[in-house]
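According to TrEMBL, the feature transmembrane segment maps to 6-27, 39-57, 69-89, 96-115, 127-146, 158-178, 184-207. The region 'Disordered' annotation in TrEMBL covers 226-246. Annotated compositional bias 'Polar residues' per TrEMBL: 226-236, in sequence order.
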Amino acid sequence: MVDISFYVGVIGNVISLLMFLSPVSTFKRIVENRSTENFESVPYICTLLNSCLWTYYGIIKPELLVSTINGFGVFVEIIYVILFLIFAPRRMKMKTWILVGLLDVGFLTAAIIVPKLALQGTHQIDALGFICAGLNVVMYGSPLAAMKTVVTTKSVEYMPFLLSFFFFLNGAIWSLYAVLRQDIYLMVPNGIGCFLGVIQLVLYAIYRNAKPSKSDLSAKLIEEGSQQPNLISSPSNQPPKKDVKW
């Protein structure tokens, strides 16, 4: 008899699939306007790294349902990042290239090779699971920049509802799956993701009908124009409008 966790995992795969595809309308807008506007690349870069490591984790554990959906996520996020690199302005493009090199190439390589060389057996899985859990938290936290934008501009334009909604559902269902499978590395980050998803939905409910004032938008533009690229702040599943985003 198939374990109930299998059915929960299948539902989780469907929700994760919808989450990975939810930014499609954002990138359709980017392609049509030939500009990334105020969208951020960080959520997609973090999600790509996250998906790569969870795919590897699912292979060596093994966790088939984890590896398959994250493998699909790798494919989708690569497309998003490529489109961002094509249509982003020079400054954002440079920031994106640097982050891709540091995170999706450098960090990913180190996270796979170092445990393999330094640890044996289950310790490799534990080390990778710890890294994946930390990055999952980053992925789920990546829309925090978008949440700040929502509060300062009183507009949800750059924090689309669908991405926030699927972030919440994704965190909730994978938390349940983790409990059934007794996998702490899946449980902790997805529990945090569920909580952050709730906060995003609350913000959306508060500001969905609010009209940003010109002074709010002007102040935001001035602030963004004066900021230096932040290579640290960012996960994710979300992001403005999306994602800023997811």
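Numbers run from 1 along the shown chain.
Cβ from N, Cα, C; glycine included.
Any TrEMBL annotation is an automated prediction that lacks curation.
If you look at the transmembrane segment (158-178) against the transmembrane segment (6-27), you find at least three C-beta pairs under 8 angstroms, all six or more positions apart, and that counts as contact. Counting Cβ pairs closer than 8 Å and at least 6 residues apart in sequence, the transmembrane segment (6-27) and the transmembrane segment (96-115) reach fewer than three and form no contact.
Sequence-distant contacts of the transmembrane segment (69-89) (same chain, six or more residues past either end, CB-CB distance under 8 Å): 12-13, 16-17, 20-21, 23, 27, 30-31, 34-36, 39, 41, 44-45, 47-48, 50-52, 54-55, 58, 96-97, 100, 104.
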